[in-house]
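Structure, as structure tokens:
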Amino acid sequence: MSGIIATYLIHDDSHNLEKKAEQIALGLTIGSWTHLPHLLQEQLKQHKGNVIHVEELAAHEHTNSYLRKKVKRGIIKIEYPLLNFSPDLPAILTTTFGKLSLDGEVKLIDLTFSDELKKQFPGPKFGIDGIRNLLQVHDRPLLMSIFKGMIGRNIGYLKTQLRDQAIGGVDIVKDDEILFENALTPLTKRIVSGKEVLQSVYETYGHKTLYAVNLTGRTFDLKENAKRAVQAGADILLFNVFSYGLDVLQSLAEDDEIPLPIMAHPAVSGAYSASKLYGVSSPLLLGKLLRYAGADFSLFPSPYGSVALEKEEALAISKYLTEGDSFFKKSFSVPSAGIHPGFVPFIVRDFGKDVVINAGGGIHGHPNGAQGGGKAFRAAIDATLQNKPLHEVDDINLHSALQIWGNPSHEVKL
């Protein structure tokens, strides 16, 4: 294979999956085939999309009821020649799913890149090992928290929140994705003030915390803004990838003047991936493509919290982020939304040690504040790695957290 293989889930009301697959393969490449003269067929053969797999799936009555028609469900795979497109994500996505995304009940499930094509993408600049080296933490999941309620607040409020989270043992603190450039907490001021706080905490408590600052602005201003962040001493860039595009992420990741890890936020991605019938699968969008384009971290809904993703999908995202690939470093999985200490054993059981445990309200809502919330999570992480039930841990902060949010992991065995 020298190009790319696209895998689709289709729902076809003509009940002829083979014919539908061939129509897609031709429609997204040379347009027609059977009526072409033999000489022209020979000329265009190398550009023709080729159907390589058609598999009928069992009927799904709920889908038929929802669509108000009977359809035949199936998985099809089509190979697209590299000759047809330039080696970039805009060209790849337009070739494999451009006008097809408007054509009925079709979902792009996966893209399989040839080795030749993989070479055109940067992958994570730091990856899991690089992030762990920055923090000098190699033996446990990382703990991340989020600034909460920052809109309309000043730098003093930010510094207080940051200090409390760092003292609580949090490894990474990230901006809220809805915190943009503003007069009260402008980008460079957040970075400089944050560095002062984190250095003070490190000198006093010996715990290192990194700050992920939200990179925002107009598309053509992003690189300049990122370079200002670098000059100010930023640790990590948080980036709302799907508000801008995967190619913009790649452009940032490839720039040697922006030598920072990039944390990809999933904002807006639900518009592409939420439907079971249309769009792009979450594992492809939030897993494989983010990793290829250069994300060191990928945030996505966990299977447990307030915006839950189906467990199978969440694990598939993580698989794409962390599976062995000689072309790319591994990216950190960050299952998120509604996470509290009682979920820690689930997260470690399902995602392993190479995961970032991300909490907002589960830290800030603790009765002992963000310091207590962070310490509760750290106690839960330590206990889980020792295979010790959380309710047996003699830690006042963890005990308080379990009283508030419960202990759904009571019977979890690692």
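Residue positions begin at 1 at the first shown residue.
Even glycines carry a Cβ here, placed using N, Cα and C.
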Candidate sharing the substrate site with Lys148, Lys174, Asp175, Asp176, Glu177, His265, Gly360, Gly361 (per Swiss-Prot), from Gly123, Gly287, Gly338:
Gly338
Other than Lys174, Asp176, Glu177, which residues of the same chain sit close to Mg(2+)? List them in sequence order, counting a residue when its Cβ is within 8 Å of the Cβ centroid of the site.
Ile146, Phe147, Asp175, Ile178, Leu179, Ala212, Asn214, Leu238, His265
Count of other CB atoms lying within 10 Å of the CB belonging to Asp176 (Mg(2+) binding site)
16
Using other CB atoms within 10 angstroms as the count, which residue among the binding-site residues Asp175, Glu177 scores least?
Glu177
Least surrounded among the recorded positions, given as Lys99, Lys148, Lys174, when other CB atoms within 10 Å are counted:
Lys99
Asp176 (Mg(2+) binding site): nearby recorded positions from Lys99, Lys148, Gly338, Gly361, Cα cut-off 10 Å
Lys148
In Å, rounded, how far does the Cα of Lys174 (Mg(2+) binding site) sit from the Cα of Lys148 (substrate binding site)?
10
